[in-house]
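Everything below concerns the one structure shown next.
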Amino acid sequence: MTGLKAASDAAALYRRQFGSDPAGLWTAPGRVNLIGEHTDYNDGFVLPFALPQRTVAAAGPAPAGEWTVCSAFADEPVSFGATAPGEVTGWAGYVAGVVWSLRDAGFDVPGARIALTSEVPVGSGLSSSAALESAVLTALVDLGGLDLPVDRRPALAQRAENVYVGAPTGILDQSASIRCRAGHALFLDCRTLEVEQIPFDLAAAGLAILVINSNAPHQHVDGEYGARRKSCEEAARQLGVPALRDVPADGLAAALERLDDAVIRRRVRHIVTENQRVLDTVELLRTGRLREIGPLLTASHASMRDDFEITVAQVDVAVETALAAGAHGARMTGGGFGGCVLALIDADRAGATTEAVEAAYAQRSFTPPTAWTVTAGPGAGRLSDEPDR
Ligand code: ADP
Ligand code: MG
């Protein structure tokens, strides 16, 4: 099982660091968003699934009000007590943020020792940050026997990232890491937080999703993300709606006529058409027509490239090359300005598609891409298997 190595590594790190066995192992996955980009903070729709790659938290008890966390990423463990947002900085801030968020919501969070390992690539748009928050939150909830229903957990993990760490992200990442189920994509209404598990059994359809990490350096991500959010909020204000979610696809033309800024019009067109593409994708998947979602994925990419303007040359080349190599559809996934592309391919085309993208990158002297196929895995939970010693 994927995750076992990270699990045994986390248990070993815990023992080395704290000199005893952990009370348990908790894991949470990274995610890819099948479709629905930048729709989450517009109260719209998203459709992520959980990656096989996971973050593992080996955790055990500590005295009340004391938390110590170490990570295979970092040289030194970090200890903290009750803190306020921003007080613990760097990677441990994500953990301190989860403790703060739970306490701020009124929960009696148990003191804990936590050792972290991860298979989720960091900073590639696959949400290693949400995997980390979700693994830690699930561990603390179980260790403390906290009465926190699963449907409330994503928002609390999100507050850790938004308020404590200070990264303004939507609810997509934490919802995916916590609520996804194996063999399914998670249809999430970001306004009501209602979810529906949508069957997504690629292997049964003879298909695969190839994730291609562009390995492009992320640049200006935070500033550009903030600018997109502001444009969307401004458009909703001008249109007199609570959020762009409230502009239906058949009301798009009328809405665009009421906006005088060409850039804002393009941003609105992306969000409104992207919401509709999520709904169309869900409809096809509900009726088992997996292959037919390909053109929707490709249209989503064109919309991100031309209207939302969040792609870079490396991701555009990966999409074009995958399509030329026979992919049914392909698009950038994640917030943009680098990160990963996903391509819907016939299951036997992974090698050929990867080689084609590698050759296209080499021709342009891009840093080589990394590619692997993925299936939809389970969301956060406790590992019942005993790790290998
Ligand atoms: P992404 O979520 O796309 O991978 P982010 O910038 O949102 O990228 O989050 C990455 C940050 O999360 C890292 O810089 C680090 O601070 C933290 N992080 C993620 N996984 C771990 C881990 N296993 N151990 C320690 N810190 C981690
Ligand atoms: Mg993140």
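Keep in mind that glycine also has a Cβ here, set from the backbone N, Cα and C atoms.
Automated prediction, rather than curation, is the source of TrEMBL annotations.
All protein chains considered, the CB of ASP173 (active site, proton acceptor) has 30 other CB atoms within 10 Å. What TrEMBL lists as active site, proton acceptor is ASP173.
As annotated by TrEMBL, substrate binding site applies to GLU37, HIS38, THR39, ASP40, TYR225. Secondary structure from DSSP puts HIS38 (substrate binding site) in coil. Long-range C-beta contacts of HIS38 (substrate binding site), restricted to its own chain and to partners at least six residues apart, with a cutoff below 8 Å, comprise ARG228, CYS232, HIS270, ILE271, GLU274, MET304, PHE308, ILE310, GLY335, GLY336.
Feature annotation from TrEMBL assigns ATP binding site to SER71, GLY123, SER124, GLY125, LEU126, SER127, SER128, SER129. A C-beta separation below 8 Å, combined with a sequence spacing of at least six in one chain, links SER128 (ATP binding site) to GLY30, THR55, SER118, VAL120, PRO121, VAL122. In the three-state DSSP reading, SER128 (ATP binding site) counts as helix.
TrEMBL lists SER129, GLU161 with the feature Mg(2+) binding site. Other Cβ atoms within 10 Å of the Cβ of SER129 (ATP binding site), summed over all protein chains shown, number 25.
The domain 'Galactokinase N-terminal' annotation in TrEMBL covers 13-61. As a whole-number mean, the pLDDT of the domain 'Galactokinase N-terminal' (13-61) in this prediction is 97.
Residues or ranges marked as domain 'GHMP kinase N-terminal' by TrEMBL: 94-178.
The domain 'GHMP kinase C-terminal' annotation in TrEMBL covers 282-362.
Taken residue by residue with DSSP, ARG31 (site 'Transition state stabilizer') is part of a strand. Residue environment of ARG31 (site 'Transition state stabilizer') contains 32 other Cβ atoms, counted within 10 Å of its Cβ in all protein chains. Taken from TrEMBL, the feature site 'Transition state stabilizer' covers ARG31.
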Per DSSP, how many helix, strand and coil residues does the domain 'GHMP kinase N-terminal' (94-178) have? 51 helix, 7 strand, 27 coil
Given the substrate binding site residues GLU37, HIS38, THR39, ASP40, TYR225 in the record, what is the largest Cα to Cα distance, rounded to whole Å? 13
Secondary structure of the domain 'GHMP kinase C-terminal' (282-362) by DSSP, residue by residue, totals 49 helix, 12 strand, 20 coil
Ligand 2 is in the model; which of the binding-site residues GLU37, THR39, SER124, GLY125, GLU161, TYR225 have a C-beta less than 6 angstroms from one of its atoms? none
Sorting the binding-site residues GLU37, SER71, GLY123, GLY125, SER127 by sequence and keeping only those with a Cβ under 6 Å from ligand 1 gives SER71, GLY123, GLY125, SER127
Neighbour count check, CB within 10 A, over binding-site residues GLU37, ASP40; minimum at ASP40
